[in-house]
Amino acid sequence: MIGKKVMSLLQNATKLNQIIQIHALIIKTSLDGNNFVLAKLLRRLFACSSANDLPYARSVFDEIPSPDTFIWNTMIRAYLNSQNPQESMSLFCQMRLLECIPIDSYSLSLVIQACGRLKDPGNGQKLHTQVLKIGLGSDLFVETALIEMYAKFGDIEIARKILDEMAHPDLVPYNVLLAEYVRIGEINLAHDLFDRMPERDLVSWNTMIHGHASLGDVGTAKKLFDRTCERDLISWSSMIAAYAKTRQSNEALRLFHEMQLANVLPDKVTMVSVLSACGDVGALGMGKMIHECIERNRIEIDLKLGTSLVDMYAKCGDIDNSLRVFNGMNNRDVFAWSAMIMGLANHGFGELALDHFSKMISEDIKPNDVTFIGVLSACSHIGLVDKGWTYFTSMSKVYGVSPKIEHYGCVVDILGRAGRLQEAKELIRSMPFAPDAIVWRALLGACRIYKNVEIAEEATVNLLELEPHVDGHYVLLSNIYSQAKEWDKVVNVRRMMKNINIQKVPGSSSIEVDNAVHEFVAGDQSHPESEKILRMLSEITDRLKDNGYAPLTASVLQDFDEKEKENALAHHSEKLAIAFGLLSTAPGSTIRIVKNLRVCDDCHIAIKLISRTYKRRIIVRDRNRFHHFVNGSCSCKDYW
């Protein structure tokens, strides 16, 4: 009677502390000699706990007087599932020494899998020989394990031969080989196997979807996804992750919405991808909704999910919530600290970013290369040239982090923004590797600020060798020539663009209102509320002029008359987005804009005045950083 009660309690236990209490009851009622009860106890322990709790399970196992084969197999499998194949091997060796414990085909299949994961072909081949000697070469468990083992050794042909020679293979060996093909990137072999499989289940379809998605072939992954008769969490998560990783963020968010309509509950993996997509397009409303969904469904905010929330809020312009999530995390690793430092740097809070770096070091967290990109960006955005150089030299000398080309690019940017163009050029020449386009573009951008035509031409020559079809390089050089009034060179640049069919990417700005993203381009009249927006824009311009605003027509580098220049400036994409924001959001609320290019000088002046005139906080994320406009001033302090 007691035994039935204990088995019932174990069946219903869902938490580790409940199982520990039941274990105490088993000992108290002298059931600790019953292998059937103890096997059930171990299985529930593994179902309700994590790899961190394995020592407790092992202590239970070690106290069992006479564990049978099933119990040995249960423990070996637990170590295998917790990514500790070495301990699986060790246990199997102990089991073999006990003559009274028979080794069955399942024992062998587990230790063969362990050999594969340990990349131990010596023992693997010995086990294969032993299997054949004792007549278990045709056992389904063993053959499936051998397929996986040889695939992990890189012996794909042997793995395929074992499958081909199986008398009656079920879906499992097919799926095992399919997964191994995908793991090593042999997507064509995977397709051949997938096409000749006698039947397929959801695991087969998910493996192929994941395979194409992980290789960036989103189109094929989506075709497979659309062909599946059923979809589970893995199907949806693989597709959403594929869209997020390839920066097709709106598609990722659309698919997540479909997943919700299909009543499939997301997990942490899904949420990380969706948060990444939200951060990419600046969809703060959607990001907040995801955060609420995480809390409502009691999804554990672990390190990875917590870091994703920190990153999403920072990229969406809500640095306050980014800090709040970060400060609420129980554990913070180098990735969490780096996300926070980078977020603060990009928002122009350089001193606070450097304070966080100091705190991180004081907590004995070793910085990595991403951390230093954040630190150097912080120095760049607030003009700390000497401090930036000190951090750069400390990377290898103090922290053992070898500077990469991205770090050199940051230092070039630091020097260039400060007007030290010659030093920036000399640093590029002294780099231990060939400069990339990012480095030369940083120098070219600094030339625009300081109107240095000579260095700009040198930077452009190198840029066009690396990226001959990127419109931004030509546009930057053309603008520099225009500032210098070298009109013949402006004409030459435009002719060059025309000859090789380079199209200038138009400036676009987006704003999220009621979880919908509205996008505008310069002079845009395609929005359904275009008439209202243009009237609002006219009102804004009149009020700004009453407050002393004079359009910076010198920044219009086309051959227009003054009136045309003023009109062109008035209809820049960020101004259209702000006009829509003023019409569509509550008075006093924050307006958040995302722009694909750098904010122009005139818009920067105008938005400062708009923030004061309309008593709005306006946050603009451009290609380089965030600008927080509050009461007539900007967080960048006009240094950007």
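Placed from the backbone N, Cα and C atoms, the Cβ positions cover glycine too.
Residues annotated as domain 'DYW' in TrEMBL: 548-640.
Sequence-distant contacts of the repeat 'PPR' (68-102), counting only residues of its own chain at least 6 positions beyond either end whose CB sits under 8 Å from a CB of the stretch, comprise 35, 38-39, 42-43, 46, 51, 54, 57-58, 61, 110-111, 113-115, 117-118, 120, 123. The repeat 'PPR' annotation in TrEMBL covers 68-102 (among others).
For 170-204 (among others), the entry in TrEMBL reads repeat 'PPR'. Confidence in the repeat 'PPR' (170-204), given as mean pLDDT, stands at 92.
Taken through DSSP, the repeat 'PPR' (232-266) splits into 26 helix, 0 strand, 9 coil. Annotation comment: TrEMBL describes 232-266 (among others) as repeat 'PPR'.
Counting residues of the repeat 'PPR' (333-367) by DSSP class, helix then strand then coil, yields 26 helix, 0 strand, 9 coil. Taken from TrEMBL, the feature repeat 'PPR' covers 333-367 (among others).
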Q. The repeat 'PPR' (333-367): which same-chain residues, six or more beyond its ends, come within Cβ distance under 8 Å?
A. 303-304, 306-307, 310-311, 313-315, 317, 319, 322-323, 326, 373-375, 377-379, 381-382, 384, 387, 399, 401, 625-628, 635-637
Q. Where else in the chain does the repeat 'PPR' (232-266) make close Cβ contacts, counting only residues six or more beyond its ends and a cut-off under 8 Å?
A. 202, 205-206, 209-210, 212-214, 216, 218, 221-222, 225, 273-274, 276-278, 280-281, 283, 286, 293, 297, 299, 517
Q: Grab the same-chain neighbours of the repeat 'PPR' (170-204) for me: Cβ-Cβ under 8 Å, and only residues 6 or more beyond its ends, written as numbers and ranges.
A: 140, 143-144, 147-148, 151-152, 154, 156, 159-160, 163, 210-212, 214-215, 217, 228, 230-232, 235
Q: Summarise the repeat 'PPR' (68-102) by DSSP state, stating how many residues are helix, strand and coil.
A: 25 helix, 0 strand, 10 coil
